[in-house]
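As recorded in TrEMBL:
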type	residues	note
DOMAIN	705-798	domain 'DYW'
REPEAT	107-141	repeat 'PPR'
REPEAT	252-286	repeat 'PPR'
REPEAT	358-388	repeat 'PPR'
REPEAT	389-423	repeat 'PPR'
REPEAT	490-524	repeat 'PPR'
REPEAT	525-560	repeat 'PPR'
Amino acid sequence: MEVGKLANRYATQLQFCRFQNPISESLAQHVHAHIIVSGFRLRGHILNRLIDIYCKSSNLTYARNLFDQIPKPDIISRTTMISAYSVAGNLKLAREVFFATPLTMRDTVFYNAMITCCSHNNDGFAAIQTFHDMRRVGVGVDDFTLSSVLSAFGLVVDDERQCQQMHCAVVKFGLCFVTSVLNSLISVYVKCASSSLASSLSSASLMLSARRLFDDMVKKDELSWTTIITGYVRCNDLVAAREFLDGMSEKLGIVWNAIISGYVHHGRFEEAIQIYRKMVSKGVPQDDFTYTHFISACANGGSFQLGRQIHGYILRTEAEFTPEFFSLPVSNALVTLYYKCGKIDTARKIFNKMSVRDVVSWNAILSGYVESKRIEDAKSFFNEIPERNLLTWTIMISALAQNGYGEEAIKLFNQMRSEGFEPCDYAFAGAVISCAVLGALENGRQLHAQVIQLGHDTSLSAGNALITMYARCGDFEAAELAFLTMPYVDSVSWNALIAALAQHGRGRQALELFEQMLKEDIQPDRITFLTILSACSHAGLIKEGRRYFDSMLTTYGVSPGEDHYARMIDLLCRAGNFSEARELIDSMPTEPGVAVWESLLSGCRTHGNMDLGIEAAERLFELRPEHDGTYVLLSNMYANVGKWENVAKIRQLMRGRGIKKEPGCSWIEVENKVNVFLVDDTAHPRVTAVYKYLEKLGLEIRKLGYVPDTKFVLHDTECEEHKEYALSTHSEKLAVAFGLLSLPQGATIRVFKNLRICGDCHNFFKFLTRVVERELVVRDGKRFHHFRNGECSCGNYW
């Protein structure tokens, strides 16, 4: 067969391979193999066709091998290779081909390919430099050139004058009537206007220029409308975006999607839902993006029933959708909808049916378990996740920290770092809160140093966590310093410091800080009032507590929740005002729950109000019969008045219901190790030395007037000696004694206890500070006690 005819035959066969699919690629490989076996010497146009086919099928290795076999590649093959590397994101190899091409060969299409490659790979400066080189050597510019260079310019522009210069260039080249060029120029103005560097005045001016360009366009296409409307959305001007939408006659789904997305992004979920409804009524086509944004609006706006309806609507109307084959974004949005609306099990069912999952899918289910407080399920699910990102680790660390699993959270944080992840500020916040839970002050200080080292010290989340950590570890001065050195603070920061003051018995200072917060125009929220009411409760500030409680709704528009009522009842009961507390309970707009009755029972325990205490306990048995605290408080009330038969009945009831009392334990950190002590402990390696030292200290403080208060022995025994011995083995005494033996002279002793400190231990520590002449800090289940020079920060009001 003649060479020319053979060449045409191969060219014709390759023509059938122009479609981008595996069959075309396979056919091209067969033709290529036949060419090699036949010994036919490839001609330029056939080589170019083969290179093009391999490039379009992403087989760049084959394409490059062919390209390298050509002694003198022509401009077509060079341009094809640059375009392929552009799509593949390999800017380095694209430049290699570009710079190896002689200047005399380069044409407009070639330069356009390189400018586009730089732009697509986010190297705006290189694209602009390539454009300048193109102009310098006299290669002509077309509309595609300017569209590409304008796209690149949008990556780096940060000044209105630069936009105006490019605008002048468009006019100079006579392309100010080409739609694609004008779309790119509008995009430049929009990107500059929405830049974080642009002032509000500059942003408005830039958007005005973009709008004038849009209004003067002879022909507008879908991209024109999309660019201008998304520009207003990105500049937070949803009113202008909505005006454009209302004035658009074309049914462009992408534009409607942009508006819905904008409303969702700005938290205006109800309006996003309204836009969707209008979109449906106008017959605008919907797609995956529409459904994803709308479902997100329902999820974040709490419109569960509406989200559920759209779920059913998609199944009924979209033929290509089945539960197993929803698109990934839609499936992820549905998972988020169900878990955010409290339907985590349904979310898990959707997740299980997904044919494709990504890290967003896994993180959504993990977040659902966390928000549902199903921490054990979250831990199990976390271990199943095949590929974790930083967010995955952060969600799990924060969940463990905030739900009492401090030690596990710290271990997970360290595991994350060992696997090569550099913690973000939120991950550090979770680890720092873990230290707060554990009372691990030294570990917290080390994390604080790492936060500064990695540049997260300006982070609000990390700063707020540090305030909480130092406060809950007993170092209020460090907490206050962390607050004062934060570059900016929010309501969470103020709440954290107010809570710290309240916990440390500085009620008056907490109220003063609250008033300062108001002067700084920081609006209080429901958490603020919880901390304020706690401060009043701990300090016995009844009048002030009433005033703040009454002002919540009337002055600040914050509706009191059950937790606020519980704090107010706690305040009244601590002061013995049971009749007023009862009136407040009766006036509640909803049925009182566990928190309210627990506050009442605790107050009754303190003041020995048996009748009301029994009523509160009975209500708690109905609401939460599995909680040990109710049984213990009621048993202690009976023990205080010597009703040992009732005590025995309560304990028998606990055994019958399988309820075990949480054992009292105390712990102290020494040399980065947490040492735990139980009541009557015998397990600690230094327990013998601790008991001997306690006995010695007991003799010394008796000389100062200390007398063991045996009414805090809640066991039926007549022997005073046995009662005194029982008091001497309380876990907080053991921990303090160990701290005195182990820490340097003069160091503050910081002990943490899971339950409320007993009255005898409280009195013991006041006397003890006069003997050892150093500060003792004890954090119990309710608050901090700072013992100095025979006094306690609580003023004996606790």
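Along the chain as shown, the residues are counted starting at 1.
From the backbone N, Cα and C atoms, a Cβ is placed for every residue, glycine too.
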Model confidence over the repeat 'PPR' (490-524) (mean pLDDT, whole number): 94
Remote residues contacting the repeat 'PPR' (389-423) - C-beta distance under 8 A, at least 6 residues beyond either end: 359, 362-363, 366-367, 370, 373, 375, 378-379, 382, 429-431, 433-438, 440, 443, 454
Cβ-Cβ under 8 Å with the repeat 'PPR' (490-524): same-chain residues at least 6 beyond its ends: 460, 463-464, 467-468, 470-472, 476, 479-480, 483, 531-532, 534-536, 538-541, 544, 556, 558, 779, 783-786, 792-795
